[in-house]
Structure formats: structure tokens, C-alpha cells
Ligand code: XCC
Ligand code: SF4
């Protein structure tokens with residue numbers, strides 16, 4: 001029987017090994033959970049106070065209210081707001097760490113990082129109203145970091161990057177009262193409103209959800225992206241290799257997994273250390289092979305072309321190759337299962353963030369102040385571990401696929417010759433029909449990568465330029481869609497543009513916080529055309545999403561005016577009121593709205609229909 005758990009040949013091979021070895025993975029645990037709780041699936045259970053837990057009967061036979069009297073609509077809306085708040089908090093706390101690092105570098109307290117993109121630093125300073133005249137780079141960085149930290153609890157009443165959006169968008173947000181006032185404030189208010197006995201109006205709750213999500217997209221995530229570029233360099237097109245075949249039979253394999261570039265950048269640096277490379281050789285290894293996974297993998301593949309071993313559902317599979325000396329993690333998307341699994345091999349599971357500890361992990365605290373030394377120590381431990389590798393248990397799939405990534409806004413502009421005009425022209429004359437942003441995770445509810453790859457292919461074939469981030473982009477890397485040669489899979493118009501510019505039809509724009517790059521492009525396109533973001537022939541999709549961060553992303557993309565298709569169901573179907581708000585009324589309120597479509601081909605059709613409707617409204 002065909003194994004439908006993944007379309008990735010390496011995943012399928014590793015799942016076979018897992019079965020032979022009697023090891024469980026997320027797919028097994030997912031099966032063991034089925035049938036999953038119906039109340040949970042519909043969003044109808046509440047644990048917000050200790051008179052509960054309460055659950056609302058979706059069929060109308062059982063209780064229709066919680067102990068406090070909360071209806072299904074209220075419970076669903078509150079639960080959704082909490083999901084958004086958690087997602088926004090995760091992205092924004094990542095942004096805060098990057099901002100703190102910039103502040104420390106500027107103050108001379110942190111010595112292992114430097115400022116790699118002075119132009120971007122100056123451009124951001126101007127945006128924040130900081131004069132650069134007569135100031136040193138350190139001084140500008142200090143002022144910018146202070147201004148950026150201020151965004152988390154700002155008292156000026158709006159976030160700086162809101163000025164990037166067209167005025168029409170700002171007006172819409174202003175009228176609805178959803179201009180985010182401060183990053184932390186919106187998350188705190190979400191928690192307050194969902195505490196017992198506060199906000200019990202579904203629409204009011206959802207509107208705050210949009211505001212909270214906007215503080216992520218145009219706030220926390222945006223700062224994470226922009227200030228990472230300042231510190232680590234703005235990505236430029238770069239070539240590399242992807243999938244589990246990037247693991248080496250001979251070298252010390254170190255997998256870095258998680259999200260923040262602060263750790264992964266330093267590991268990249270330390271892995272080049274000649275002393276450590278000879279230490280690895282002294283242990284009989286061919287060298288040091290640092291590879292990435294998930295979004296921290298995206299960060300270093302965007303900036304350095306570091307090989308990426310896979311996306312979310314491959315984290316356990318990488319361990320099962322038996323070839324990993326260490327899995328090094330920071331925060332987010334790290335399965336707690338890794339500890340037990342790593343113990344079945346010689347693999348060391350190393351946690352580094354005080355915020356994220358795991359059973360079975362060795363904790364090596366990483367902080368910005370002794371970053372390089374800690375990174376070296378981590379690599380040393382991996383090297384020490386190399387002789388413990390049991391060569392008889394090593395199985396590394398052969399497949400690797402090359403990718404070209406690194407499409408920051410700046411890189412796209414420079415490919416276009418400095419302005420967005422050629423892109424706008426290509427859209428106007430229908431060579432490019434529109435743009436679709438495909439983002440988000442893997443989820444064992446979906447055949448791994450099936451939705452990502454098929455949607456991307458269906459869209460480019462119909463001349464829709466696809467831009468991607470996160471695990472979606474890694475899926476495309478593995479499927480060969482990030483290569484300029486993939487233009488042959490594109491429709492004639494898109495293929496012509498790709499060939500003229502030498503770019504792939506699917507552009508990798510980075511990690512999930514880098515969806516802020518997508519927002520920036522959308523806002524700039526709208527300005528160039530003199531319209532609102534909602535008027536653009538543009539759509540979003542999260543074909544295999546699983547995390548709360550993805551919910552926050554979906555919400556800010558919709559709130560920014562962009563139609564978004566979800567490939568797994570949001571737990572809101574227990575409330576017609578909330579479902580209607582998100583899939584219908586949102587269109588009138590903010591221009592963007594959600595659709596749920598689990599079939600990637602139908603989802604692509606929805607996007608194409610949306611793009612065509614926007615084109616004709618624009619008269620192009
Ligand atoms: Fe995580 Fe960012 Fe989702 Fe992948 S795409 S599973 S959130 S790593 Ni962000
Ligand atoms: Fe039940 Fe209301 Fe308490 Fe929720 S807040 S657990 S619905 S009593």
C-alpha cells in the first residue's frame with residue numbers, strides 16, 4: 001500500500017527505518033490521538049476559569065452555555081483570540097531578543113556580533129525619525145535599538161511601521177479602532193479580555209484579535225526581520241542544498257533547529273573555526289557539517305546558503321538517520337519528543353534558551369554576551385560525540401535538491417533594477433497574473449508537503465508568481481521549485497519574466513517572521529499603483545499550518561487586506577457567528593477574509609479567481 005504520510009522520498013525512507021527500529025514519530029502519535037476531541041476541533045471547550053472546564057454541545061442536545069453563561073460563539077471567539085495572542089507573543093518575543101542584541105552591540109556590551117548592513121541601519125533610523133548626521137554607526141544603532149524597544153510598550157499610540165501602509169489602509173484600521181498601539185500591550189490586552197468576565201462580544205473579541213495580530217506583522221515580526229538584516233546582513237540570492245541528504249556520512253553533523261538567528265549565526269561562525277575543524281579531524285571525522293531545520297534553518301540559508309535538512313515534520317527523521325552528533329535548539333517548533341528519540345541514538349539534544357527547556361536535553365545556556373564561546377563549546381561537544389556514532393545504524397537518504405533563496409525586498413528590487421516598476425508592468429500586461437504568498441508549517445493531518453508543492457505548481461503554471469517563507473519554502477526547495485530552471489513549470493508569461501531576470505518562479509523570502517517582507521512588498525506595490533493593499537491581485541495561503549503563530553500570521557495578512565486560504569481547519573466551526581465573521585464579514589470590514597480549502601488544487605483555483613476579480617476591478 002502506498003504510504004500517504006509524505007510526498008518527500010526521504011521522509012518515506014526514514015519512516016520505514018523508524019518502523020523497523022520500533023521508533024515512534026509525530027505521525028504515529030497523531031494516529032494514536034484519533035479521533036481527536038470534537039469539542040476542541042470546533043473550538044467549543046473552555047478552561048478559562050475553574051467553574052469549568054465547560055463544553056458546548058454542537059448538536060444542540062447537550063448544554064448550550066458554560067457555567068458562567070458563555071455561549072459557543074463567546075467560547076470560540078475567546079479561544080481564537082488566545083491563539084492569536086500566543087502566536088503574536090512568540091514572533092514578537094523573538095523580535096525583542098534581536099532588538100536587545102542590537103542594543104547590546106551598539107553599547108559595546110556584546111562583542112561577538114557586528115553591524116553588517118549599515119545602509120539598512122540608516123534607512124531604518126530615518127524611518128524612525130532618528131537623524132544620522134554626525135553620528136557614528138554605533139550611535140545610530142543605539143538610538144534605533146532604543147526606538148525599537150519602545151515599540152513594545154510605546155505610548156505614542158501606534159507602531160512606526162504603520163506608516164509604511166497606504167493611507168487608505170490606515171483609515172480602515174483607524175475607523176475600526178484596530179491600529180496596534182504597542183506590541184506587548186495588544187498581547188496583554190488579549191489575555192485580559194479573555195480572562196473571566198471581561199470581553200464577551202464575539203465581534204469585539206475578533207477585532208482585537210486583528211489588532212493584536214497587526215502588532216505582530218507590522219511590529220514584532222517586522223522588527224525581527226529588519227534588525228536581523230542590520231545585524232547579520234540583508235539576504236541576497238544564494239545557492240544551497242536541501243533535504244536529509246545534506247547530512248554527511250563522514251563529517252560531524254550538527255543540526256540547528258528553532259527560530260532565532262542569534263544562535264544559528266554564531267554556530268555558522270564557530271563551525272568555520274580551523275581549530276575546531278582540526279579537532280573534528282582528530283576524531284576521525286571529515287570535518288564539521290552544520291545544517292539547519294525549520295525557520296532558524298531558513299535564516300542561515302537565506303544569509304549563508306547553509307544546507308537545510310528539512311522542514312517541521314523532518315525533525316525526528318533527522319535524528320533517526322543515526323548520523324547526528326547534536327541537535328541544537330533555541331525556541332519554537334521543537335518537538336518535546338526529541339529528547340527520548342535522541343536517547344535511542346548517540347545524538348546529543350542541546351537546548352540553549354532559558355525560555356525553552358526539554359526533557360532529555362543537555363542545557364547549554366546561550367547568551368549574546370558569550371555567544372561565540374558558547375557556540376564553540378556546543379560544537380566541541382558534538383565533535384567529542386562523533387566517535388560514539390554507530391556506523392551500522394546510520395542511514396542517510398541520498399536525495400538532495402539545490403535551491404536559490406535569499407529574496408529579501410532589497411534583493412527583489414535589485415533583480416528588478418532598483419524599482420518595483422518592472423514588476424508592476426509585468427502584472428499590468430498580464431505576464432504575471434498576480435502574486436500568492438504561500439507560508440506555514442507541516443501538519444501530520446496533511447500528507448507532508450503535498451499541499452505546499454501542488455499549490456505552488458498549480459499557481460505558477462497559471463502565471464501566478466509565488467512567494468514563500470517558513471516550512472512552505474523548504475517544501476519548495478526540496479521539490480526543486482526554487483531553481484531558475486523551474487521556470488519551465490511556469491506559464492508562458494511568468495516563465496518569460498523569470499528567465500529575463502534569472503529568478504525562480506517561487507521566491508524564498510525567509511523565515512516566518514520574514515512574512516513582514518511580504519507585507520512590505522505588498523504595501524510598496526499598493527503605493528506604486530496608488531491603491532490599497534486590498535485592491536491588489538494578491539492572495540495568501542497557509543496550506544499545511546499547525547502553529548498558533550500561523551493563526552496570528554493569517555489574521556494580520558487578512559487584516560492587511562489580503563484574501564487567505566487555510567489548508568487545515570481553524571478551530572472556529574463551533575460558532576457560525578465567528579466563522580461568518582472570518583470568512584464573509586471580514587471582507588467588508590478589512591478587505592481581506594479567510595477561506596478554508598484542504599484540497600490544494602481547489603485552493604489554487606480560489607486564489608486564481610480572487611486574483612482575476614482584483615485584476616478586473618483594477619481594469620487590467
Ligand atoms: Fe514552525 Fe517557523 Fe510553522 Fe515551520 S512554518 S512549523 S511555525 S518553523 Ni513558521
Ligand atoms: Fe466555563 Fe465560563 Fe469558566 Fe469558561 S469561563 S470555564 S465557559 S464557566
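Glycine residues also receive a Cβ, built from the backbone N, Cα and C atoms like all the rest.
Automated prediction, rather than curation, is the source of TrEMBL annotations.
Database features (TrEMBL):
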type	residues	note
BINDING	37, 45	[4Fe-4S] cluster 1 binding site
BINDING	46, 49, 54, 68	[4Fe-4S] cluster 2 binding site
BINDING	259, 295, 333, 441, 471, 512	[Ni-4Fe-4S] cluster binding site
TRANSMEM	553-579	transmembrane segment
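Feature map: annotations from TrEMBL on the structure.
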| residue | record | Cβ contacts under 8 Å, 6 or more apart |
| --- | --- | --- |
| 37 | [4Fe-4S] cluster 1 binding site | 45 |
| 46 | [4Fe-4S] cluster 2 binding site | 52, 53, 54, 55, 66, 70, 75, 78, 79 |
| 49 | [4Fe-4S] cluster 2 binding site | 68, 196 |
| 259 | [Ni-4Fe-4S] cluster binding site | 94, 294, 295, 296, 299, 330, 331, 332, 333, 511, 512, 513 |
| 471 | [Ni-4Fe-4S] cluster binding site | 294, 295, 311, 312, 440, 441, 442, 452, 544 |
- Query: Looking at the binding-site residues 54, 333, 512, which one has the fewest other Cβ atoms within 10 Å of its own Cβ?
  - Reply: 54
- Which sequence positions outside the transmembrane segment (553-579), separated from its termini by at least 6 residues, show Cβ-Cβ distances below 8 Å to it? 39-44, 56, 58, 72-73, 75-77, 79-80, 83-84, 87, 165, 169, 172-173, 178, 202-203, 206, 209-214, 216-218, 437, 439-440, 443, 445-446, 451, 455, 512, 515, 519, 522, 532-536, 538-546, 586, 590-598, 600, 603, 606-607, 610
- Note on the structure: Among the binding-site residues 45, 68, 295, 441, the one whose Cβ has the most other Cβ atoms within 10 Å is 295
- Message: Just to be sure I understand the contacts, which binding-site residues have a Cβ under 6 angstroms from any atom of ligand 1? Candidates are 46, 54, 471.
- Response: 471
- Among binding-site residues 37, 68, 295, 512, close to ligand 2 by Cβ (under 6 Å) are 68
- Task: Look up residue 471 ([Ni-4Fe-4S] cluster binding site) in the DSSP assignment and report helix, strand or coil.
- Result: helix
- Using the recorded [4Fe-4S] cluster 2 site (46, 49, 54, 68) as reference, state which further residues of the same chain have their Cβ within 8 Å of the centre of those residues' Cβ atoms, listed in sequence order. 47, 48, 51, 52, 53, 66, 67, 70, 75, 196
- Note on the structure: Reduced DSSP state (H/G/I helix, E/B strand, rest coil) at residue 37 ([4Fe-4S] cluster 1 binding site) is coil
- Would you identify the secondary structure of residue 46 ([4Fe-4S] cluster 2 binding site) according to DSSP, in three states? strand
- Note on the structure: Note on [Ni-4Fe-4S] cluster: the CB centroid of 259, 295, 333, 441, 471, 512 has further same-chain residues inside 8 Å, namely 294, 298, 312, 332, 470, 511, 547, 549
